[in-house]
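What TrEMBL annotates here:
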ACT_SITE  104  active site, proton acceptor
BINDING   53, 56  substrate binding site
BINDING   86, 87, 88, 89, 177, 178, 179, 203, 204, 205, 221  NAD(+) binding site
BINDING   112, 115, 138, 140  Zn(2+) binding site
DOMAIN    1-235  domain 'Deacetylase sirtuin-type'
Ligand code: BV8
Ligand code: ZN
């Protein structure tokens with residue numbers, strides 16, 4: 001069986017990683033996640049954007065995959081599993097998933113925002129979150145940025161193409177922990193439905209997808225995913 005998982009920030013919530021929505025209440029209440037994750041935000045105040053990403057990069061060292069990530073990795077024992085994730089963390093990989101497509105990039109690689117050369121130089125230590133840190137400079141005079149996709153930027157075509165293929169070839173798609181508002185990623189469940197592929201949503205809250213998917217489970221990812229594949233025949237009838 002071919003399973004394609006479409007995951008968002010809710011997948012990492014039970015690992016202690018704030019979602020974009022939590023960000024409005026938690027640690028970063030005073031920043032607008034949509035503004036700080038945009039190319040305009042980077043142009044306006046790169047030091048604030050750099051501090052946010054550096055903190056999120058460091059925070060990943062203190063968290064680990066949860067039962068949801070581990071369940072998706074375990075599904076590989078009996079199925080062909082592709083993970084298409086909007087998340088920039090590495091928790092799916094750390095849980096053991098082999099086919100992970102990051103449509104919005106990653107916190108773990110950096111590049112120059114002018115000449116594009118990859119940066120693997122030293123990163124300043126960040127024991128606790130600070131509001132502003134000057135990003136390193138490239139020899140060309142450009143600034144070092146995270147390899148994430150900001151609002152207003154195109155998605156990496158190789159990751160996107162592999163994601164569209166993984167959705168189009170799936171026997172079932174499982175959409176987990178996403179508010180389904182950011183395009184084009186939010187259009188992938190509809191692509192599955194258009195191919196007649198059953199789509200199961202796992203989210204404790206309703207989303208714009210909920211009334212379109214085959215089945216919407218009001219459960220958290222760490223609760224629903226461990227037994228989900230075994231439940232599929234009964235759930236899909
Ligand atoms: C592009 C990376 C074109 C950085 C992110 C007007 C209309 C339509 C579209 C647009 C428009 N204006 C602009 C656009 C396009 C725009 C867009 O869609 N905007 C939206 C806001 C309307 N999209 C773009 O700009 C994209 N690029 O279109 O380029 C182009 C083409 C050619 C040339 C130039 C340009 C780029 C979008 C990528 C932005 N980058 N992330 C980073 O991570 O820092 S987006 C970021 O937010 C995430 O990656 C994710 O995609 C998005 C939403 O986050 P979610 O993952 O859904 O998480 P969220 O917090 O929102 O929700 C959590 C969910 O989990 C909730 O539903 C909650 O109930 C649930 N949950 C909570 N706990 C649990 C749980 N679920 C399960 N278990 C739990 N325990
Ligand atoms: Zn450069």
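A Cβ is built for glycine as well, from the same backbone N, Cα and C atoms used for every other residue.
Other residues of the same chain near the Zn(2+) site, with their Cβ within 8 Å of the Cβ centroid of 112, 115, 138, 140, are 113, 114, 116, 117, 139, 141, 142.
A 10 Å radius around the C-alpha of residue 138 (Zn(2+) binding site) takes in none of the binding-site residues listed as 86, 88, 177. Note: the Cα of residue 86 (NAD(+) binding site) and the Cα of residue 104 (active site, proton acceptor) are spaced 5 Å from each other. Closest in space to residue 104 (active site, proton acceptor), of the binding-site residues given as 88, 115, 221, is 88, taking the CA atom of each residue.
Recorded residues residue 140 (Zn(2+) binding site) and residue 53 (substrate binding site) have their alpha carbons 22 Å apart, per Cα-Cα distance. Checked against ligand 1, the recorded positions 56, 104, 112, 138, 177, 221 give 104, 177, 221 as the ones with a Cβ under 6 Å from it, listed in sequence order. The shortest Cα-Cα distance between residue 56 (substrate binding site) and any of the binding-site residues 112, 115, 221 is the one to 112. The maximum pairwise C-alpha distance among 86, 87, 88, 89, 177, 178, 179, 203, 204, 205, 221, the residues recorded as binding NAD(+), is 22 Å. Taking the C-alpha positions, the distance from residue 204 (NAD(+) binding site) to residue 112 (Zn(2+) binding site) comes to 39 Å. Within the set of binding-site residues 56, 112, 138, 112, 138 have a CB atom less than 6 Å from some atom of ligand 2. When the binding-site residues 53, 112, 115 are compared by Cα distance to residue 88 (NAD(+) binding site), the shortest distance belongs to 53. Here the candidates are the binding-site residues 53, 112, 115. The one whose C-alpha lies nearest to that of residue 221 (NAD(+) binding site) is 53. The shortest Cα-Cα distance between residue 177 (NAD(+) binding site) and any of the binding-site residues 53, 112, 115 is the one to 53. Each residue contributes its Cα atom, and for residue 112 (Zn(2+) binding site) and residue 179 (NAD(+) binding site) these two points are 31 Å apart.
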